[in-house]
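Trainee: Take a look at this one; I'll ask things after.
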């Protein structure tokens, strides 16, 4: 119900921020309908048995682009999770003990990042374009809150650790063309994905030039019992605390009573 | 079988959590410690955020200590008067501890200081207990029966506000258990534990209470200290995960019942030497982690969450 509402109300959002720079590179308008895309679901519900999920992302490339000389254009799909601010701490050895000695606050850190393409992104377009569009975990636009020369080490640490947790992935899934214009890919969301508002971005390239770009929202929300518990804890923290204590008291008493009878 | 935890916001394996709860429950029932000093590191090790692990661990300890204390209560092994006096100190201490915790957290050094205080306290207490209990075991084997005085007299016995604790066969100053309660309250708020592993040996060696009463009395005051910690965390940081706590409780209370039975069959010295070994093992693990080069020198903490 919710998912269909969102699907209906969802307009095809264009990457307005990029439009200016893109227009300089290509004469094509962003709203020319050369790319039509959708996602199998715009809402992922995280219930108490959530173990991760796969989303199907698909679309078509307009006929004349698809059939002109080269078989079809190139597609890059990027999913970005909700951005948060983090503090990255660095350890150093002091008197034999490893202790945090240095810290850097970094903003605009997405909780999730995944990309897929029909061939390696470096073959599709130039490094400059990839940089500008922030394609690839190593090109995410982290923003450190204080400028310093070794900030890049801290940012690399974020990417390294998130990659280890499978939260940042790069080219793990592939975009497949089914015929000249229809394409599809699946993106895996592991069980530890953060909840929040995501965006799915689709880029169409032809001979290394960006021809069209689209972005649509994607929501990951808690639902069911877990959602109710979470809301209760957030909205009524004092009652939640009391409830937690009472549950514990009852659990302890029940266990003791059961074992006494034996 | 995976279960999604709504507050911790991760999926965990149901049987892993139940197994951990059962194992820690068994040990807590045997030794009369809440088991927080084992549970909290184990939870963090499974990937649960430290703040959630500390708060939820405290919630679980409420259930474990209730079921433990009832078993001891039926055997008449709870000194209510002593427990209440300790509790007064514990409540005062936990407020101090929370204040210190917040202060250290702002400095980004709270993890290190938690680790160091664990190593120091576990090391000293575990070492002392091991030496004492092994000595007692050897003496028993050799059949050397040394008549000990019921109580040795130190300067502390000259303190004012003397109270009679009949169950503990003590006539000591109330300042002593209150001071002990304050100390344990501070430590439990900082280290996220009930404090039984400090309380139990302190009651035996510092106050001179009989071992049989110590465990029940310690569990009695742990109920209130951990309930207080649960409430404070739930109110201030919303980090108590009831789902996780319920899973841990259901297995830990069962484990604790078996543990209490095993504990009742063991002799005091045996119990103390086993607890000492356990305490030293955890201490060693933490000490090694402090000294070994970490896999990644960088750690990521969330802000404004």
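From the backbone N, Cα and C atoms, a Cβ is placed for every residue, glycine too.
Dumping what TrEMBL says about this protein:
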TRANSMEM  B:12-39  transmembrane segment
TRANSMEM  B:51-73  transmembrane segment
TRANSMEM  B:85-104  transmembrane segment
TRANSMEM  B:116-138  transmembrane segment
TRANSMEM  B:170-198  transmembrane segment
TRANSMEM  B:204-227  transmembrane segment
TRANSMEM  B:239-259  transmembrane segment
TRANSMEM  B:271-292  transmembrane segment
Trainee: Please give the sequence-distant neighbours of the transmembrane segment (B:85-104): residues at least 6 beyond its ends with Cβ less than 8 Å from one of its Cβ atoms.
Mentor: 110, 113, 163, 174, 177-190, 195, 199, 217, 221, 224-225, 228-229, 232
Trainee: Residues of the same chain, at least six outside the transmembrane segment (B:12-39), with any C-beta under 8 angstroms of its C-beta?
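Mentor: Residues 1-3, 5, 46-48, 57-58, 60-61, 64-65, 68, 71-72, 118, 122, 188, 191-197, 200, 214-216, 218-219, 222, 226, 244, 247-263, 266, 271, 274-275, 278-279, 282.
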Trainee: Can you tell me which of B:51-73, B:116-138, B:239-259, B:271-292 gets the most C-beta pairs within less than 8 Å of the transmembrane segment (B:204-227)?
Mentor: B:51-73
Trainee: Between the transmembrane segment (B:51-73) and the transmembrane segment (B:239-259), do 3 or more CB pairs sit under 8 angstroms, pairs being 6 or more residues apart?
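Mentor: Contact between the transmembrane segment (B:239-259) and the transmembrane segment (B:51-73): present.
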Trainee: Which residues of the chain, 6 or more past the ends of the transmembrane segment (B:271-292), have a CB below 8 A from one of its CBs?
Mentor: 27, 30-31, 33, 37-38, 41, 112, 115-116, 118-119, 122-123, 125-127, 129-130, 132-134, 136-137, 197, 200, 204, 211, 263
